[in-house]
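In what follows, a single structure is set out as structure tokens and then discussed.
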Amino acid sequence: MSPQTETKASVGFKAGVKDYKLTYYTPDYETKDTDILAAFRVTPQPGVPPEEAGAAVAAESSTGTWTAVWTDGLTSLDRYKGRCYHIEPVAGEETQFIAYVAYPLDLFEEGSVTNMFTSIVGNAFGFKALRALRLEDLRIPTTYSKTFQGPPHGIQVERDKLNKYGRPLLGCTIKPKLGLSAKNYGRAVYECLRGGLDFTKDDENVNSQPFMRWRDRFLFCAEALYKAQAETGEIKGHYLNATAGTCEEMMKRAVFARELGVPIVMHDYLTGGFTANTSLAHYCRDNGLLLHIHRAMHAVIDRQKNHGMHFRVLAKALRMSGGDHIHAGTVVGKLEGERDITLGFVDLLRDDFIEKDRSRGIYFTQDWVSLPGVLPVASGGIHVWHMPALTEIFGDDAVLQFGGGTLGHPWGNAPGAVANRVALEACVQARNEGRDLAREGNEIIREAS
């Protein structure tokens, strides 16, 4: 063995702290179709080279530790280690870089979003060598996505269940979100559904509080939607929030919803957790329930531009874990969301095959194969005058959800629902006739009123 080879071979076995880039930075690596690929926005500490920072992320999210251990010799490090295979600077940010990391598929348990995130983001984000770290995107290989059930039903099956085609669906979050009795809550549900909405919704923090226990709410809401169905001849739904303190309690609520014969339940998938969400999604498919997903707590994870995780990653994870709807921003409402970036992850939710497009924040081509699609929900600070823009931006396969935009109508809940339904149908008809919603939107709404 030459002295040079001997030195390189022994580096990994010296006592003390080692440089990660010696083992985990591999710019010559050619990614495999079966690799999970990750794009991290890395902000190294001053004096830390980007190659070392990227390699540290690859190491700490796969097989690495801070020093050499003798048990490395009992397995194949080359087979199981993550590899930082490319680094590029971020335009306009001198201290930030995009580090691309490839993970062998054998590192991950089949059908487990929980295990995937525990590995990829579970430990590396607290690493000293990094000032900040953000997971921008993941490429999920088809060999891994096929181990997931995904959404309980998907877009086409939902439309068939509801017998509603050719337009976005309309929803409303019942307000005030907290404080109503179950009977008054059910009354508001009835008025909104009777007025023309397809769905009403529990807010994310409506679970089973002293002022309104979950069983009472479920009963009054079921009564309301059956009454509205009888009067309108349309299938109606209310998102009954099954989120609870334990998985057992969550499943008990979902079972009761099924016994009532309602079409849809709801879950807060980030606060409830991916294990609970996947369990509920499996139950919903087996028992014919649609599953609405709220993303409560997402901004804690995704709002900072240089640290955390972009929502497109959470959206991909939800499609794998399971949900038929998920809140996805509005572009035009009160909550943050850039149009191109929002439409990028909307396509990741709905479409089967999405090409890489950095202008929309999509770092990798994603092929979902046969995994059902998820309806994006536009909700948050929107009202009837936003209808033309929402119809143009989201197209037909979306849920447009107006809370205050329905219940804030000066004539009451039912007239507010009527106004939204009339505006939606006017916008869809105008679009189908070739009119320009962006330019003529307000005029179209005035004509309909």
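The count begins at 1 with the first shown residue.
Cβ from N, Cα, C; glycine included.
In the structure as shown, the Cβ atom of Lys175 (active site, proton acceptor) sits within 10 Å of 16 other Cβ atoms. Secondary structure from DSSP puts Lys175 (active site, proton acceptor) in coil. Taken from Swiss-Prot, the feature active site, proton acceptor covers Lys175 (among others), and the record attributes it to sequence analysis.
Residues or ranges marked as active site, proton acceptor by Swiss-Prot on the basis of sequence analysis: His294 (among others). In the three-state DSSP classification, His294 (active site, proton acceptor) falls within a strand. For His294 (active site, proton acceptor), the same-chain residues 6+ apart in sequence whose C-beta sits under 8 angstroms from its C-beta are Glu204, Asn241, Met266, His267, Asp268, Tyr269, Ile326, His327.
The substrate binding site annotation in Swiss-Prot covers Asn123, Thr173, Lys177, Arg295, His327, Ser379, and the record cites sequence analysis as its basis. A 10 Å cutoff on Cβ-Cβ distances gives Arg295 (substrate binding site) a total of 23 other Cβ atoms nearby, all chains included.
The Cβ of Lys201 (Mg(2+) binding site) has Gly171, Cys172, Thr173, Ile174, His238, Tyr239, Met266, His292, Gln401 as same-chain neighbours under 8 Å, each 6 or more residues away in sequence. Swiss-Prot lists Lys201, Asp203, Glu204 with the feature Mg(2+) binding site.
According to Swiss-Prot, the feature N-acetylproline maps to Pro3.
What Swiss-Prot records for Lys14 is N6,N6,N6-trimethyllysine, and it gives sequence analysis as the kind of evidence.
DSSP assigns Lys201 (Mg(2+) binding site) to a strand in the three-state reduction. Taken from Swiss-Prot, the feature N6-carboxylysine applies to Lys201, supported by sequence analysis.
The annotation site 'Transition state stabilizer' is assigned in Swiss-Prot to Lys334 on the grounds of sequence analysis.
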Same-chain residues at least 6 apart in sequence whose Cβ lies under 8 Å from Asn123 (substrate binding site): Glu60, Ser61
Neighbour count (Cβ, 10 Å) for Lys177 (substrate binding site): 14
Greatest inter-residue Cα distance in Å for the substrate-binding set Asn123, Thr173, Lys177, Arg295, His327, Ser379: 37
When distances run from the Cα of Lys175 (active site, proton acceptor) to each of the binding-site residues Asp203, Arg295, Ser379, the nearest one: Asp203
Surrounding CB atoms that lie within 10 Å of the CB of Glu204 (Mg(2+) binding site), all protein chains: 20
Pairwise Cα distance for Arg295 (substrate binding site)/Asp203 (Mg(2+) binding site) [Å, integer]: 11
Rounded Cα separation (Å) that holds between Asp203 (Mg(2+) binding site) and Lys177 (substrate binding site): 6
